[in-house]
Amino acid sequence: MALNLTHQLGALAGTPIKSGELTVPSVDSSLSVSPPSARMHKAMNLNHKDPNRNVSPPMSPVLGSTRADLSVACKAFAVESQVSGVETMEEQRTYKEGGISEKKGNGGVPVFVMMPLDSVTMGNTVNRRKAMKASLQALKSAGVEGIMIDVWWGLVEKESPGSYNWGGYNELLEMAKKIGLKVQAVMSFHQCGGNVGDSVTIPLPQWVVEEVDKDPELAYTDQWGRRNYEYISLGADTLPVLKGRTPVQCYADFMRAFRDNFKHLLGDTIVEIQVGMGPAGELRYPSYPEQNGTWKFPGIGAFQCYDKYSLSSLKAAAEAYGKPEWGSTGPTDAGHYNNWPEDTQFFKKEGGGWNTEYGEFFLSWYSQMLLDHGERILSSAKSVFEDTGVKISVKIAGIHWHYGSRSHAPELTAGYYNTRFRDGYLPIAQMLARHNAIFNFTCIEMRDHEQPQDALCAPEKLVNQVALATLAAEVPLAGENALPRYDDYAHEQILKASALSFDQNSEGENREMCAFTYLRMNPELFQADNWGKFVGFVKKMGEGRDSHKCWEEVEREAEHFVHVTQPLVQEAAVALTH
């Protein structure tokens, strides 16, 4: 018996939302940090871009109901643009090297849309097939370039090592090809679920979980012995701890199997492979875990290097440095997950341990371990996907809280050695440049003034810093929004940020982001008012920053576009409700 359309949409999008990580470039170090106030309730929880979060955007406008009636929801399901007088953005673009889809003429930034986390079920089938197809047709009609889909390690290699079941992914990617959408495929080697509000759980493969159960040291560990099972600790990267294979070998074998299974789609439908490198798919340590209320925004997080494999590396580094006494543990005065920088000896601005010889030694080792991890996986990915026509990308978290403090504590615990005196993003950009990879960054929609000021949040300054680092390293920059936003104010910020026009004196003024991925396809996106704004946003992104059209003119075009596709929408509605 067919479910009604609203129900199908709800099921499709009932997954937790990837919240974007946040980072921020240096603000005045003289600013003092006041203690967390009672105002910092859950709604302000600007988490990292984890697919496992369902977080409300802080201080964003009140959004419309997610349960639109059938006729309204159906308007969202506009079928692809074989309507008289309608030309999609896809028809105006050609995919070119660098992961950049370039509109003929003045440039422009192609828009991709993230799919629900459970687009493929635990049974390896497409979830809500009819609603999925109608949704993809609607996105195509809006001029969207393509979709981003998580390819879960825990689904595909679930049963046994080396046994891959591509099931629902075969069908979903063929569906995208038929509709004419490009695909960014995320190699998701992390666990999905386990956080507040999660409605879907996709663990690591069962045989991997069994190995971790036998050897808990394979999990990231904090100084209090708390284990994090979202992702295998990078300390074990090169050890044959997973039934005779190293974790990096497992990731490489998975990517090779993906390549071989989908070789007919690579470079044409599948245009980008985003390689997961940590929790939420991001290159970072799991320093701010929400599970069981361990961390709450805007806490500084905690270092994650206390498993025996990581400590072994620290010991060797300390001995090589000539300070063996530094090799037995990480900082013991760095506070707890929910402290603020000034609450701790290690992170405080005056005389903090972070700004000492020991602090420099430890933070250099900790961040280099993360860079080495990225280097190993990127080397594998590059060799696997060489000459396939796809680009490789890596997601970096946007950790913007306490960015205005001198130590940038939340960035440090996550593995980004970025302080008042040191650029932590240039080494990452340079590492990506060596492998011709794209730097994918989050929190693009955020403005400084929307965030809690006492936490010294500065997402705009952070994005600016990252943009300049990618410019210096000559690596393409792509963006994502950290939290779901449907309002024009957020859209305008994305347009501004994607133009990379921060520094008018740099060569960057002739550069744009190579792509933007919109989070995420869900019922609110298809609500009538939001849908109209979204179509206008996609069109404006496609126009490029040299466009002379005003926002109102583009919105009028978008309204016309939605109107002319309505007959096909009604046709889709009939098919979906029978």
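Here, residue 1 is simply the first one shown, and the rest follow in order.
Using the three backbone atoms N, Cα and C, a Cβ is placed for every residue, glycine included.
Because TrEMBL annotations are produced automatically, they should be read as predictions rather than curated entries.
When the ranges 18-37, 338-357 are checked against TrEMBL, the one recorded as region 'Disordered' is 18-37. Fewest Cβ neighbours within 10 Å among the binding-site residues HIS400, ARG520: that distinction goes to ARG520. For ASN481 (substrate binding site), the Cβ neighbour count at a 10 Å cut-off comes to 28, with all displayed protein chains included. Between ASN481 (substrate binding site) and GLU282 (active site, proton donor), the C-alpha separation comes to 14 Å. Rounded to a whole value, the Cα-Cα separation of GLU282 (active site, proton donor) and HIS400 (substrate binding site) is 15 Å.
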